[in-house]
Amino acid sequence: MASGPHPTSTAAAASASSAAPSAGGSSSGTTTTTTTTTGGILIGDRLYSEVSLTIDHSVIPEERLSPTPSMQDGLDLPSETDLRILGCELIQAAGILLRLPQVAMATGQVLFHRFFYSKSFVKHSFEIVAMACINLASKIEEAPRRIRDVINVFHHLRQLRGKRTPSPLILDQNYINTKNQVIKAERRVLKELGFCVHVKHPHKIIVMYLQVLECERNQTLVQTAWNYMNDSLRTNVFVRFQPETIACACIYLAARALQIPLPTRPHWFLLFGTTEEEIQEICIETLRLYTRKKPNYELLEKEVEKRKVALQEAKLKAKGLNLDGTPALSTLGGFSPASKPSSPREVKAEEKSPVSINVKTVKKEPEDRQQASKSPYNGVRKDSKRSRNSRSASRSRSRTRSRSRSHTPRRHYNNRRSRSGTYSSRSRSRSRSHSESPRRHHNHGSPHLKAKHTREDLKSSNRHGHKRKKSRSRSQSKTRDHSDVTKKHRHERGHHRDRRERSRSFERSHKGKHHGGSRSGHGRHRR
């Protein structure tokens, strides 16, 4: 049999009280039972024996009062009680700043107590849950407030508690995260309580009972009983007893404090269906609240964090993991790196790796080349055959390089002359300097064919020149000393210039014999 608080509609109460588990146990009220031919009621995929429609709020059974989920996570009872008191004080203070009715603040505190009898303070932040409870209570009591206002009020209370200068809350990523946490906590409260979140308060019951006792005109008695009832919201009496019993206990305590006599033959509370033992237990629980010290928020937060870390360590230890998430070595069957017969750290000095030998030989060759480059003969030793070959190769390269570089200043000089003469002289000088270029066959025909052959010779010489540049190996280019090459280039520049002048004079004389009339003008222009 499931029971729940006062529903908004009959259909909602039927579905809520039957489909979702309630935090309470047995309750009295109007009960309607519907039985099918199979002996139960099928709602969804679950079979229920009966559906109870009641206006009474749920009461937590005695077996769930101790141990609580927080105590099972390692939190002691005094710390849990202080956290409950502190959370209810936050809800009460925030409700005053939000200008909520007292009924809404009372509903939020009752929801706070109910939730933490199902969940642990170690796993859930009591401040976030307090925000969610007061936000949910404002909706239940038809006085809704925005989540932004709730967060701002709790931020202000936190600053006052820390004795800091009040400052507005910055709307940054932390605010967005807090807002999302409050929304998720509100859903969690609804789910955990089975959406049975309506609370029957004893506020109106107190006024009604005092009218029966003809004490409603005593405003001091009414206000004192009302105050005791509001203070008892910080305790767990609202989840343990019926609202009628709580109203009788508040009137009993106020009349004793003000020394106002009430009927005793028979006792007045027997008229309302309560017992003296329950009234005395509620009074003791309420008066104990005034003897407790004010809870320290910082110490409670540290205690909760400590228990949270211990719980996390216990979970990781049960899974065989370290604190950083890595697997523990003790769970790997006694594995130890030192237990191996031969460790890779132990390397014999006599043994040499073939890789290291190859590296040494590779490193030795550039050292020999560097030592050879420091010699006055361009790094060539006379007593080896390899050094002779490298010297001859370096000389031929230096000559070829100097010749190719010597064309650079002449190129600007030849631009002043005719284009055909420049191309022909340049192609012939380059073809003579490169031994790899093929021998030219002069065609003594028309000047157009000569120009065509001249362009072909220029292309072939350029192509062979590129091939020669690409064929040079990297090792030969490293052996050439830059300073010696520049000195040779300066020394031999005049010599090669003379050779080019002689070659051009020879060409002019050779052409003059065969083409005296056609090329004579160009020859005079060169001179």
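Numbering starts at 1 and runs along the chain as displayed.
The backbone N, Cα and C atoms fix where each Cβ goes, and this holds for glycine too.
The compositional bias 'Basic and acidic residues' annotation in Swiss-Prot covers 343-353 (among others).
For 362-371 (among others), the entry in Swiss-Prot reads compositional bias 'Basic and acidic residues'.
For 383-419 (among others), the entry in Swiss-Prot reads compositional bias 'Basic residues'.
What Swiss-Prot lists as compositional bias 'Basic residues' is 439-453 (among others).
The annotation compositional bias 'Basic residues' is assigned in Swiss-Prot to 461-477 (among others).
Annotation source Swiss-Prot lists compositional bias 'Basic residues' at 487-499 (among others).
According to Swiss-Prot, the compositional bias 'Basic and acidic residues' annotation covers 500-509 (among others).
Per Swiss-Prot, compositional bias 'Basic residues' is recorded for 510-527 (among others).
The SUMO2 cross-link annotation in Swiss-Prot covers Lys340 (among others), and the record cites similarity to another entry as its basis.
If you look up Swiss-Prot, you'll see Lys348 (among others) marked as SUMO2 cross-link.
What Swiss-Prot lists as SUMO2 cross-link is Lys363 (among others).
The phosphothreonine annotation in Swiss-Prot covers Thr326, and the record cites similarity to another entry as its basis. In three-state terms derived from DSSP, Thr326 (phosphothreonine) belongs to neither a helical nor a strand segment and is classed as coil. Counting every protein chain shown, 9 other Cβ atoms lie within 10 Å of the Cβ of Thr326 (phosphothreonine).
The feature phosphoserine is assigned by Swiss-Prot to Ser336 (among others).
Swiss-Prot lists Ser339 (among others) with the feature phosphoserine, giving a large-scale study or a structure entry as the kind of evidence.
The phosphoserine annotation in Swiss-Prot covers Ser353 (among others) and is backed by a large-scale study or a structure entry.
Taken from Swiss-Prot, the feature phosphoserine applies to Ser356 (among others), supported by similarity to another entry.
Each residue of the region 'Cyclin-like 1' (89-191) gets a DSSP state, and the totals for helix, strand and coil are 72 helix, 0 strand, 31 coil. Taking DSSP states H, G and I as helix and E and B as strand, the region 'Cyclin-like 2' (204-288) has 62 helix, 2 strand, 21 coil.
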